[in-house]
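Colleague: According to TrEMBL, the protein carries these features:
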{"type": "DOMAIN", "residues": "1-105", "note": "domain 'Dihydrodipicolinate reductase N-terminal'"}
{"type": "BINDING", "residues": "78, 79, 80, 102, 103, 104, 105", "note": "NAD(+) binding site"}
{"type": "TRANSMEM", "residues": "99-119", "note": "transmembrane segment"}
{"type": "DOMAIN", "residues": "108-239", "note": "domain 'Dihydrodipicolinate reductase C-terminal'"}
{"type": "ACT_SITE", "residues": "137", "note": "active site, proton donor/acceptor"}
{"type": "BINDING", "residues": "138, 147, 148", "note": "(S)-2,3,4,5-tetrahydrodipicolinate binding site"}
{"type": "ACT_SITE", "residues": "141", "note": "active site, proton donor"}
């Protein structure tokens, strides 16, 4: 594939390394900071590209989607913090291009989600176990809670018979029994740690995904781009992951 990188920060650079390892070519790097080949995305920069992979800023996602559609180039997007506009993007994409968005492309993180969902379903039979979650990230991360934490929370809500809503703000009261509290901490150089917890008076069960570096996210994004090639429509990373997990389950 010939790939345009939209966003050339830490994740963009990691994605470039993985693309090269897997035999793909980066034709252009777009970043407003000046670290890439161009400061902003235009249709002409996508000319001849097979795919765009975007890890940029939430404020750029919708406008960039319009450019992908205009150029007829599919895109994998890992930017978080913009999901209040997701229906706008879904309408823009229609069936014109392939567009795949995810808050977390790590295969390990999706194994974590699957385990947390399974544990939640088992715990439904044991009301003494409360469900909660927390996440830690480096001090430069701009959104809180993380997209991964919100994805985890939504999956747990769907699996739980007791939790009905997510609370992410600082509480000055006791949480209600139907509230799933998700806490966030920012500081240091932590790439990303997410913990799901079942807690009772007797004991605690914890499931944690800890990213040692960004390569797992980059590999997942590139594999998602390989999967998206030739497909049209709006997809989430879960569609791609379910396809992979289905292949594994059928081996």
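Each residue, glycine too, has its Cβ placed from N, Cα and C.
Surface or core, plus neighbours and distances: that's what I need for these features.
Modeller: If you take the C-beta of residue 104 (NAD(+) binding site) and look for same-chain residues 6 or more apart in sequence within under 8 angstroms, you find 110, 147, 148, 151, 217, 220, 237.
With a threshold of 8 Å between CB atoms, the same-chain residues lying at least 6 positions outside the transmembrane segment (99-119) that come near it are 65, 68, 74-78, 80, 86, 89, 93, 146-148, 150-152, 155-156, 158-159, 194, 196, 198, 205, 207-209, 211, 216-221, 223-225, 227-228, 233-241, 244-245.
Under 8 Å, Cβ to Cβ, and six or more positions away along its own chain, residue 137 (active site, proton donor/acceptor) finds 144, 146, 184, 185, 186, 190, 191, 192, 193.
In this structure, residue 147 ((S)-2,3,4,5-tetrahydrodipicolinate binding site) is part of a helix by DSSP.
Long-range Cβ proximity for residue 141 (active site, proton donor), meaning a same-chain Cβ under 8 A and a gap of 6 or more residues, is found for 186.
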Colleague: May I ask which residues of the same chain, at least 6 positions away in sequence, place their Cβ under 8 angstroms from the Cβ of residue 78 (NAD(+) binding site)?
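Modeller: Sequence-distant Cβ neighbours: 11, 53, 54, 55, 101, 102, 103, 105, 217, 221.
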Colleague: Could you list the residues of the same chain, at least six apart in sequence, whose Cβ is under 8 A from the Cβ of residue 138 ((S)-2,3,4,5-tetrahydrodipicolinate binding site)?
Modeller: 186, 187, 188, 189, 190, 191
Colleague: Take every residue in the domain 'Dihydrodipicolinate reductase N-terminal' (1-105), average their pLDDT values, and give the whole-number result.
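Modeller: So the average pLDDT across the domain 'Dihydrodipicolinate reductase N-terminal' (1-105) works out to 96.
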Colleague: Taking the Cβ of residue 103 (NAD(+) binding site) as centre, how many other Cβ atoms lie within 10 Å?
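Modeller: Neighbour count, Cβ to Cβ under the 10 Å cut-off: 20.
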Colleague: Hey, does DSSP put residue 138 ((S)-2,3,4,5-tetrahydrodipicolinate binding site) in a helix, a strand, or just coil?
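Modeller: DSSP call for residue 138 ((S)-2,3,4,5-tetrahydrodipicolinate binding site): coil, neither helix nor strand.
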